[in-house]
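Visitor: Please see the structure below; I have some questions.
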Amino acid sequence: MSKGELGIGPVNTLGFGFGGVEVDSGREDSGEFGDIGGIGTKRQDVGGTKGTRLPADIQLDFLYPSKTLAFLRRFTLPSSRDEREILALRTALQHGCKRLYSSKSSNGNGPNGNRNGNQNSCLLRLSYMLNEALPVDPHFATLPELRGNSEKDWRDSAWYHYSTERKGGTRSERIDRRTWVVNYLSKSARDIDKKRIVAILLDLPYEERTKADYNVALKALLEMGYLRDAVAILRDQVENSPRPPVGFVEVMAYCIRGNLWDVVAETLKLDNEASSDESSHHLATILQCMGNIEEDQIMKFAGSAKGSDDERLAQELMAGLLQVFFHSGRLEKFWKVWELGRSQGLFTGNQDAYTLALVQLYREKRDADAVKTYLEYREIPVIKPNSGLFNGALRAFRNLLDFRGMQMVFDDWFTAGSQPDKQAYYLLMAEMARHGEAGVVRELLDQFLERFDPEELLPFNSLMFAHARRGELGEVVKCFDAIPKFGFVPDNYSFNILINAYAKAQDVDGALQRVQEMIGAELAPDTYTYGVLMTLAANRGDVENTQRYFDLALDSGVEPTEPMHLALMTSYVAVSDLESAEDILGSLVRAEPRKDTTVLWNELLSGYAVLCNPEKLSTTYHKMREAAVPFDQYTYAILMHALCLIGKVEAAEKVLGSLEAEGIKPNSVHYATIMVAHMRNMDLAQVWATFNKMVGCGVNPTFTTQAVLLQASAFAEHARWRSTGGALFLDSAEGILAQVTENLDVLDLTSSDSTKSATPPWLFAPLVSIYGKEGSYLRSEEVYHRFLEISEAQKPGGTIPSIKLYIAIMNTHMKARNTEAVKMIWEQVRHLADKLARPSDNNPFQREVLWSRRHLLCQPLSILTQSLAHSGELETLVKTVADLEKSGYELDNVNWNDFSQAAILCQDLDLAMKTFETKLMPGWIARRGQRPASETPSVYPFSRTFDALATALKDLDNAMRNGSQEAEERIGELQGAYPHTWEATTNLRYLESRIESEIAFRMSRMR
């Protein structure tokens, strides 16, 4: 052993060490004052003899010679057995506190791990340590003198001076003295100095003990392995200290490192008893202070925890691990802990744990897992409002296209006793707008304006966008015009929404006017603006302007986007130029081989499907596979359609059945494709079976599927009526229509009609057509007027008849000989056609009608022609045709044949012959000469038109044979003016049977 700094060995001449500690303690770090240091006069009960303890501040050391005091005290100390008896009697400490320790404890850990495991508490001995008289320090007269020379190891001297000087001076001086000594002793590795630190704490009255005093004493106890004594110190604080207890973090960290779970549970319970919820020490904080954590031992304990205390500890430990790994970014361990805790039910009701998991799921964009976890989180009985958590849930549900889930989160906000913040309103309004829920967006906007002062245009733009999605142009304009009332000016997004609304309504003039207003407001058209204009042009087959807008975008510095390339392809597909569309796709794929081009491939596929070209469809599909282009739901829908085109309906149904395995959820488009295929085969049972299967799979019916169902039922009932006769009433189809139109508040974003919040006109067209065709004029008109009434009731979302519905009702009026009604409908359909067929720019030098839409009015014109012919209004017909040709429309083969027959019926032989000669005969001559298709006009005379002309010429020929000079002159004029027509009809005039047939046909049309 080394000698102490006072120069006195640890064993004196009498064979006993100073401080009342047995000789040969086994410690190499004992100082000259012994292992403990010394014990002052105290109350004892040895052998039944009771003594009275002297006041602690009375020192009697001066009565005894040097070195004699320790010898005498050796006989006054209790033996090990006697000390245990004293402990059992719960001997009070010098300040009268309750017992601080237990003679039993769990095994400690650390370098002295058995200290509190098989030995008695050291606290009783240490509590008297400062009252022990010590030899006078020969080196320094006072502590301040020593403090000036503390570079050497003078800790025994420091201890002597502190023991003798500790009560002198003011309180601040005492604190300063104590702080210096404790810090000085704490730098020592000797156990004696650590015990002295504890003794300093125990010597102090409770009101003078500071947080630092407790912390350094607890640290010393734990370093020596006196765990139970450290816990006793904590308990003593709880029971006696006027200040909040300290040291729980250090003690629990020590226990966790040593896997002493029973002590951790005891300490945690003590902390909870002593502290409020706000001030209690969470294990997460403790674990974070520990640094490196062996989570496997904690998880092992958590997995096997039994009993309420252990289970509660396991819950807090696992939640603490979550926080540690979350904040440190160790995500692999985070999810490992989360999965175990979740499977064991350790996080049930733990809002903090679920919050961490949800936040991380949001960060990793695992929306499906986030939604699943949030649904568990919201089952916690009482949850605290958390804006970040709710906003994250809103985004997750939004990304999964689950707007009902978003509404649920919004409601949860109120249930939690709070209200959504601005960000939540922005998210929900934007998502509701995307789904076209204008009513919900308006309600949210009203709430928003009641709670917040608007600082940006987003809420107003969301309402505009909602109405634009619904196709309600008038409402979009109202919202746009109201923006200045709130102190804002429209931005690019506002103008783009407005321009897009005009484009969806096929209002070219309105869209272009708003673009000019945008530029006038010093807002430059952007990618979205050009994309809208290109789409407007492309959908109507305006290739020239689609390319022009694309070039303008490039010139203005706008980067081409996928919608812009798609518009270019669409414009060529609309005019059946699939080669040019394929060239665009090929060049893009070569330029950016890694870019996802599925949408562009789909456009090409749909073009071949429209042209009914299965071979090109198959080739394109194989190219997609070879290029590893991913298939989406629309790719498979086109594939199913292609299979149906070639009669392979069963194969298309197999594709439908395999979609789930491909990770694609079947939608109404897939089922409608199969339904249409069965309808073409007149298999009504399979149409209904497919519809019922769709509903059974949770796919909601759309207007498209209901229209297929209605049309199939109407065709089947019509076929039965034609075989049985009687009164025509399409019961099943009428029932379907009544059910579909029962609810006026509708919204179908998949509808092909421009107004998505209106019952589409093509639902009514089959019934109007069949009833009108079979002479049930009143029923036809009734169904048509039902559509008009519904459309009026649905405003601002109401729509107008489509060209097909106009054709159906025109045909009804024509058959009913209601020429005025036919002419009125014609004006309406002409106005709609002009809107749909005009070029998508305002160039006055361009033709009024697009080449791709030049035949848009052919079918309505055919009905008008027949109606005007029956009423003898040939002049009106001639003016109508001249006006159409001037506007850029073209008449097809049927129209020119109808026109010729109308001229014959109205006895204008010159007009009929002229029409034959200039319009019909070139095609007839080319066909007789078997010219190539490219050199053969598409217009040629029908045999019935020949028969009608031959009949009229026969009448003129008979008049000439009967001596009519006028007829003879007339024949000469016609023969000279229209030689080809005259030659072609010469032989026909002698075919009496055909003439008789034509006369009979005319008579039937006059009934």
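Glycine is no exception: its Cβ is also placed from the backbone N, Cα and C atoms.
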Visitor: Using TrEMBL as the reference, determine which range in 30-50, 156-176 is annotated region 'Disordered'.
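Guide: Checking TrEMBL against the ranges 30-50, 156-176, the region 'Disordered' one is 30-50.
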Visitor: Which residues of the same chain, at least 6 past either end of the repeat 'PPR' (491-525), have a Cβ under 8 Å from a Cβ in it?
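Guide: Tertiary neighbours of the repeat 'PPR' (491-525) are 457, 460-461, 464-465, 467-468, 471-473, 476-477, 480, 483, 532-533, 535-536, 540, 553, 556, 754, 835-836, 838-842.
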Visitor: Who are the long-range neighbours of the repeat 'PPR' (632-666) in its own chain, taking Cβ under 8 Å and residues 6 or more past its ends?
Guide: 598-599, 601-602, 605-606, 608-609, 612, 614, 617-618, 621, 624, 673-674, 676-678, 680-681, 694, 697, 699
Visitor: Over the span of the repeat 'PPR' (491-525), how high is the average pLDDT in this prediction?
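Guide: Across the residues of the repeat 'PPR' (491-525) the model's pLDDT averages 96 on the 0 to 100 scale.
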Visitor: Please list the DSSP helix, strand and coil residue counts for the repeat 'PPR' (456-490).
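Guide: Within the repeat 'PPR' (456-490) the tally stands at 27 helix, 0 strand, 8 coil.
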Visitor: Give me the DSSP three-state residue breakdown of the repeat 'PPR' (491-525), ordered helix, strand, coil.
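Guide: Helix/strand/coil tally for the repeat 'PPR' (491-525): 26 helix, 0 strand, 9 coil.
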Visitor: Could you tell me what the rest of the chain brings near the repeat 'PPR' (526-560), counting residues at least six beyond its ends with Cβ under 8 Å?
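Guide: Same-chain contacts beyond the ends: 492, 495-496, 499-500, 503, 506, 508, 511, 515, 518, 567-568, 570-572, 574-575, 577, 836-837, 839-841, 850-853.
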Visitor: Under the DSSP assignment, what numbers of helix, strand and coil residues are found in the repeat 'PPR' (632-666)?
Guide: 26 helix, 0 strand, 9 coil
